Each structure stands twice: as structure tokens, then as C-alpha cells.
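Input: a single structure, listed below in C-alpha cells.
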Amino acid sequence: MSDPSRGDAGPDDDGGTAPDATTAADATVGDGGEPAGADEVVDASASGSPAEDDSGSPLRAIGTAFGLGLLSILILVVVAIVAGGGLSLIGTVTDWQPPFVVQVMVPFALSQIVAFVGLGLAYLRWRGLDTDDIVAYLGIRWPSPLEAVIAVVGPFVAIGAVFITLTVVTGFVTEPAPNQGAQVALENPSIIPVMIVGMLLVVGPCEEFLFRGVIQSRARETFSAAPAIVLSAAVFAPIHIVSLAGGGFTAMLATISILFVPALFFGAVYEYTGNLVVVAVMHGLYNSLILTMIYIAITYGPEMEGAGQAGTALIGV
């Protein structure tokens, strides 16, 4: 197993013996449930690596976080365009028109998987971590009973906090810009059940893998808990600008500020539990609950249309 504390250097070049896998597993959860053992692993670094001197550099940690975030969005857009174009080409060649739900969900799911999980795995492998190391480093394990309760109750707490923030932002600043995916759901309610499944199985796990699992854990090698949580949120919230459906700069800024709330909440839960599964489930449930509210608003007619429109600004995809 290779040592993740080697900062952002690639695999070992000295051919030395790697630490035992038990070391990384023991570092998965620190005292008080701290996540993924990033700070403990740093202390175990081997000496002599040229890149090791920079492994604790704040500038390197910040640059890595924003670099991964920006690269993930570039990959997301490219994969979505290629997948959408591929479906169109198939339709042209075979004279088969894919159903609307396929046209929406296939590019959406593929882009999430490649951009967030694919990039995160590539980065961790580049640092020399094998499969066991990655599982231990990210804290991928079956939740305890307490963690399961947190995963289920947490989304309701997050939504409550977000609605309070939305009320303040709407009252004193402007109407936030809606999310494109949620707007599609509002206009095509028949695909909402499929989107809910996508939130649980794709969006929650994929986004949390990169933003909390990789970016926040990497930040914890350099910073204490609070700055690492803020840094991961500062990467997570602004990248959603590519998924916003217009509304002007101020409206987009309002939505990004609202998305900081669930991002900070997910980061705090990950710090406390050290379990990536918990925040992946929580994120998926959070988005699914918002989509459910949109569906209810559509079902019960114009009197709840405002609630549905509000929900389109809250979903973190």
C-alpha cells in the first residue's frame, strides 16, 4: 500500500516497502469520528520525497481542491455532450428515437460517474493508493446504527436550514436562479420518479465521492476540520453555476450562496462520522426529497406552484 501523505506526488519511485494495509484502515476514523484519517496519515509519511515538502502546503491543498473541481466540471460537460451526441447519432443511424427519459438520464448519469468518481479515482491512484487504501482513506464502510439515523434524519435538517436561507436571500437580495435539472423535472413531471432513483444511486454517491471523500480528505491533510469543510464547500457550491438556468449574475450568486448551506452540512457530517456512505445517502435523500416536493407541488396544482419553483433552486446537482 502506498502512503497517501505524500501530498500530490505520484507513485513511489524508490521501490521501498509500503506500509501495511492495517495502518490505513486504522486511520479511517480518528477520535470523535473524524473522517478518513487524513491528518493521521500525514504523520506517517516517509522521508526523502521531493514533493513531500509541499504535502502540507496550504497553497498546494487549495490549488488541488479547486483544480479537481474545475477539471470535474470540464469533464462533466464534455461527457454529457458526447453522450447526448451519441444518442442522437444512434437515433439517426437506426431511425430509433430514444425516449425523453433516456435522452435526459443517460448523459446525466454517465457524466456524473466519469467526472466525479472517475476523476477522483484517477487522482487517488496517481497518488499511489490501491483499492484497500482508497476504501480506508475515504471511509467507505457499512454505517453504524447511529450513522444510519444521521443519514436519514440529516436531509430533513439540511432542507430546513436551506429553506431558512432561501427565505432570507429571497427577501433581502433576489430570487435565486433555478437548477436546469430541477426545471426539467418541473416541466416534465413524468420523469421525476426516475430522477429520484438517479439522485439516490448516482448523484449522491458520485458527488460525495469527489467533494467530501477526495477533496475534503485531501484538505484535512493540511488544514484542521473547519477550514477543510469550508474549502470543500467553496469548491462544491460554485461549480453548480454550469447547471443553473439563467436568471442573471445576481440570481446565480444567490443560488450558489444557498448551496453553501447543504455543502457545509454534508462536510460537517463527514467530519463527524468519517463515513462516506453516510453523506452519499444523505445527499441523495436531500435531492430526492426536493424532487418529491416539486412533484407534489405539480400534482396539487397552481396553489403550490410557488413551492415547486422554489425547489428548483435548492437541488444540488
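Heads up, the Cβ atoms here are built off N, Cα and C, so glycines get one too.
The region 'Disordered' annotation in TrEMBL covers 1-56.
Per TrEMBL, compositional bias 'Low complexity' is recorded for 16-29.
The transmembrane segment annotation in TrEMBL covers 65-90 (among others).
Annotation source TrEMBL lists transmembrane segment at 102-124 (among others).
Under 8 Å from some Cβ of the transmembrane segment (145-170) lie the Cβ atoms of residues 176, 254, 257-258, 261-262, 265-266, 269, 272-273, 275, 277-279, 281-282, 285-286, 289-290, 310, 313-314, all in the same chain and six or more residues away from its ends. The transmembrane segment annotation in TrEMBL covers 145-170 (among others).
As annotated by TrEMBL, transmembrane segment applies to 190-211 (among others).
According to TrEMBL, the domain 'CAAX prenyl protease 2/Lysostaphin resistance protein A-like' annotation covers 193-288.
Annotation source TrEMBL lists transmembrane segment at 223-243 (among others).
For 249-269 (among others), the entry in TrEMBL reads transmembrane segment.
Annotated transmembrane segment per TrEMBL: 276-298 (among others), in sequence order.
Through the fold, the transmembrane segment (249-269) approaches residues 150, 154, 157-158, 161-162, 165-166, 169-170, 173-179, 208, 211-212, 216, 228-230, 232-234, 236-238, 240-241, 278-279, 282-283, 286, 313-314, 316 of its own chain, all at least 6 residues removed from its boundaries and within a Cβ separation under 8 Å. Using a Cβ-Cβ cut-off under 8 Å and counting only residues 6 or more beyond its ends in the same chain, the transmembrane segment (102-124) has close neighbours at 4, 68, 71-73, 75-77, 79-81, 83-84, 87, 133-134, 137, 181, 184, 191, 194-195, 198, 202-203, 205-207, 209-211, 213-214. Remote same-chain partners of the transmembrane segment (190-211), defined as residues 6 or more beyond its termini with a Cβ less than 8 Å from a stretch Cβ, comprise 68-69, 72, 100-101, 104-105, 108-109, 112-113, 115-117, 119-120, 138, 181, 184, 232, 235-236, 263, 266, 270, 276, 279-288, 291-292, 294-295, 316-317.
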